[in-house]
Every structure is written in C-alpha cells, then in structure tokens.
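Following: one structure in structure tokens, then a few remarks.
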Amino acid sequence: MSKIAFRMENICKSFDNGRVKANVDVNLTVYENTVHTLLGENGAGKSTLTSILFGLYQPDSGKIFIGEEEVHFKSSKDAVQHKIGMVHQHFKLVDNYTVLDNIILGNESSFSIPFTNGKLKLPLLHRKASEAKIQAMMERYDLHVNLHQKVSRLTVGQQQRVEILKVLFRDSDILIFDEPTAVLSDQEIKSFLNIIKNFKKMGKTIVLISHKLNEIKEVAETATILRQGHSVGTFQIKDTSIDEMARLMMGKELKETKNNTQFTAKGEPVLKVENLHLYLNQNWFYKLIARWNQKRINQLQKQGKPAKTLWLKSWLEGLAAIEKTPRFIRGIVNNLGFGSQQVFDKGISFEIHKGEIFAIAGVEGNGQNQLIDLICGLEKAAPKKVFFNGFDISRYSIRKRINAGIGFVLEDRHKYGLILDQTVRFNAVNNQIDRKQFSSWNFLNQMQIAVYTNQIVDKFDVRGAVQGTAIVRLLSGGNQQKLIIGRELTKQNELLVFAQVTRGLDVGAISFIHQKILDAKKQNNAILLVSYELDEILAIADTIGVINKGNLLEVNKRDVMTRERIGKLIMQ
C-alpha cells in the first residue's frame, strides 16, 4: 500500500463565535500519488477543511500529520514549506501583472554575490533564472502560457494554468484544487483533467473538490463524503456509480428536473433585442469608432445611399495592414483593436415572451458577457437596440432597469451580486432597500427585513445564514449563490437574466434551482439563461440560440436544437 501523504484527525472549526459549525470531528486520510476527492453539498465544510490543510484557517481542535510528522500551520507560508499548494475556486491573481510576475510573486529569485560568511542577496530580481525554471515546468507538465502577457488579457482557463504554475513553482507535492472546473469551458475541462492525470503519473498527490461527478469518475480513485460538517465515509470511486455517488453525497435520491412543456409565444415580447452589435474588443476607443461607423452606415442606408465605412476606421485598419507602417505605430493600432480584431456587423436580434426560457449556448468568450452587460446596463447600448415591455431601455441606468422589473444573477457573484462584508439580511434587500416594505423616512424596518430574509433563507436552503445575521463572506460559494438567486426570484420581476446560475453548485442544489426557474416560468416570467453547460440548457430551455464570435447563428425550439446540432454551430 502507498504511504500516507497526510491525515487530519478530529478536525473541528466554527465561525461567528461558534454559531456556524463548518467542520465537526472530521477525519481524512490521503495516500501519496493518488487523486482523492471531497464530496458534499454546498456548505458541507469541504473548502474549510482544505483551507485548514493549507494554513489559511487554524482548527479549533484536532491534529494534522504530513507523513508521520504532526504539524501546526500558522499561515499558508508554513503549508508551502511542507510542499502543499492550493488552487482556489476564485483565483488569487493580480490582473495588471504579467504571468511571470504572478507566478514568482512572494517567491522571487534574486541576485547574490560571494560574501565573508556565504552569499549576500541583492535587492534585484533574477527574472531570467525564474523564467528558465518556469519554461522547464511548462514543458514537463505540458502547461503552456505566454509568460509576458498580462493576466487581465487571459481566458479563465489560461488564468487557471497560471495558478497551477504558481503552485508548481513552489515545488509542491500535495496539490489542492477547489472547484477547478466550475468556470471552464468543455475544452478547457478536458485539458484540465489531462493535467491531473499527468500530475499523478509524476508522483503528485491531488485533493480535488468538485460537484461534477462524471469528472470525478474519470480521474479520482477515492472519495470522502462530508455532510453538514461531518465526515460520513470514504469509498473507492471505481466501485461506485455516478447515481450512487449523488445519493451518498445528498443522503437521498435525486429527482430529475426537466422542462416538459411546449412553449407557444403569445402577445408582445417582454424583452426585444434588435440589431445589437457586440464588439468583442474590450477597448473603449474601438467601440466608440465602431458604433459611430455603424450609425453612419444606418443613416446612409435610410437615405438610399451606398454604405461607406467611416474614413477614420478605414485609415486605422489600413495602417495595420500596410507593411511599411513603422512597427511601433502598427503595435499601437493593433492594441486599439484595428489590426487582427475581426469585426462582426450582422448584429444580434431575438425576442423573449412571457413564460419563456430563452437559453444562449456557446463556448465562453464569444460575446455572452458583452450581451449580458448591455441588457443589464453595465454597458450602454446604442438607442433603440434593447426594449423591455415596448420601452426603449438601451440607455437606462442599472437602477432604472431594476425598478422597471428586471432581475439579474450575473456570473461574477462577488463583483456584482453581493457585498461580502455585510450580513445576509443586508444583501437580501440591498437592491430594493428603498421599497416602503423595508424603509420609510430614511429609517429601516428591521423587523420586515428579518422576516423577508428568513423567507429566502428557508425557501432556498441558504445554510450558515444564522437567521440572516451571518456575514456573507463566511458562507460557502454555493450558499452565496443561492442567496442571490433567492433574492431575485422572490422579487416581483417580469424579466430574469441568469448568467452561469448554477456555477459551483452541488447536484442537489442544481436540481433545486432548475425547479425554481421552472416555477418562475409557470408564473409567466420571461427568462434569459446564459450557460456553458449544455445539459442544463437542454433540460430547462424552451428556446435555444447559439452564439459564436459575437453572432447569434441560429434560434430555434428545444426539440429542434439537438446536442449534435448545437455542437456543430458552436464549432463553426
């Protein structure tokens, strides 16, 4: 039998003065050169347990052994010294730094010179030495990324590779991955699973937290179940079916949630998007010129004149294409988006009616985020592009859209959904605090807020809320998501916009949220669902549109849009 890599005995950890018990007498043993997964519902204590192993939290009681040595970690620095590394669900990267700087941050190589009693380190970074080590790691583990690119310009999958390289750069032998595939596309997930297999071949020990049971079945050997903070058993993956794993994790049988209705559009649309252009280049100057150009073309067409590209746009594109253009000027033009940037002038158009779930399928990075931003008001569209109940809301503020009856659950819940250092109660009403139900004459009605919050907590099973008094940061990621979804589904909205709504949720919570979305459909809400999970779209959508490179290629009924058809459109 393999040697024990580490074991944790009778680990207890609580928060909020003991009111939230995250781990209760948890035992975990993981062997060297294995992939061991932690399974459990949202809030079961998985992330807390691994955070204790990585030194981010100190246990209230219990023991940790690395091999046969008992250790006491006061910080993550102590864990790193024992060759433990962790890749968090929410990446810990500095966006404005390069990949190289992010990898070496906190573990920099420096120049040194011979001195009387050894070597004297100079306050100068030895970047070439660090870069050479990282290049060798990338070749060895087949983890390639541009070291000189800024992190802000990387895809989510590439950012994850940077996090993995950070861990490897510190020579970690025990690697912890917390929900590593929650934000990845299908292709990136395949790549990640291959990385895990390579790590095992090279002798690494992997601890994997994931709710995606098919992925666990592919790479893991053993699993430990956590339920409400307790460890309830360990089993061999190869001897256990996916259905059985789900039952063990939830403690009950799961019912399939599926949209079995046939939708027929009636009346005027709730949301109408008309010839909306998605400029995938993030540069504000490019968007300004592109929209100015489109406006001019529309005016010429109305006047019956031939369409002509704006002279400034043509000139900038010409500079990028001409070989005689000085390199530094061409570089500036390319950075502005007028070189290799491909322009898509077709425009997106679709309608969503009452009682309809309209889903948008596609690989991440094809314009989904831009579309959501324009509908929700994070970005302003050109006039007469976005209509809600017949009113042009293209230039409405976010507040005005919320007051009109639009609710949204956006992909980045920490940035757009929650104020992490406030209570559950505050977050339950923070975008509707001006309603008479919750405040009058600038005084908050704390009783009504508490009652309303408790309804959301009970109805949506938000665990660890402590009757709404808990700080949101202390909730698990899945329970944070359930709080946001509960808030938006409890409000009187006519349009609900969901982006990656089940990201990071366990299988039971996913089924529960799907049912709540179907209930909202029955109540005649119009629903826009943007998801990278094809199974989710096929299970609950009425109408499916496929987005590719900023264009909506096809919109059709669920019965027509088979998995194969959607796949072909995505790959075009």
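Backbone N, Cα and C define each Cβ position, glycine as well.
What you are looking at is a predicted structure, and each value in this text was computed from that prediction instead of being measured.
Record features, source Swiss-Prot:
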type	residues	note
BINDING	Gly40, Glu41, Asn42, Gly43, Ala44, Gly45, Lys46, Ser47	ATP binding site
DOMAIN	6-253	domain 'ABC transporter 1'
DOMAIN	327-572	domain 'ABC transporter 2'
For this session: Return one of helix, strand or coil for Ser47 (ATP binding site), based on DSSP.
Result: helix
For this session: Other than Gly40, Glu41, Asn42, Gly43, Ala44, Gly45, Lys46, Ser47, which residues of the same chain sit close to ATP? List them in sequence order, counting a residue when its Cβ is within 8 Å of the Cβ centroid of the site.
Result: Leu226, Ser476, Gly478, Asp506
Problem set entry | Rounded mean pLDDT for the residues that make up the domain 'ABC transporter 1' (6-253) | 86
Exercise. Where does Asn42 (ATP binding site) sit in DSSP terms: helix, strand, or coil?
Worked result: coil
Problem set entry | Around the Cβ of Ser47 (ATP binding site), the count of other Cβ atoms that are within 10 Å | 24
Exercise. Tell me, how many other CB atoms lie within 10 A of the CB of Gly43 (ATP binding site), whichever protein chain they belong to?
Worked result: 27
For this session: Provide the number of Cβ atoms within 10 Å of the Cβ of Gly40 (ATP binding site), excluding the reference atom itself.
Result: 27
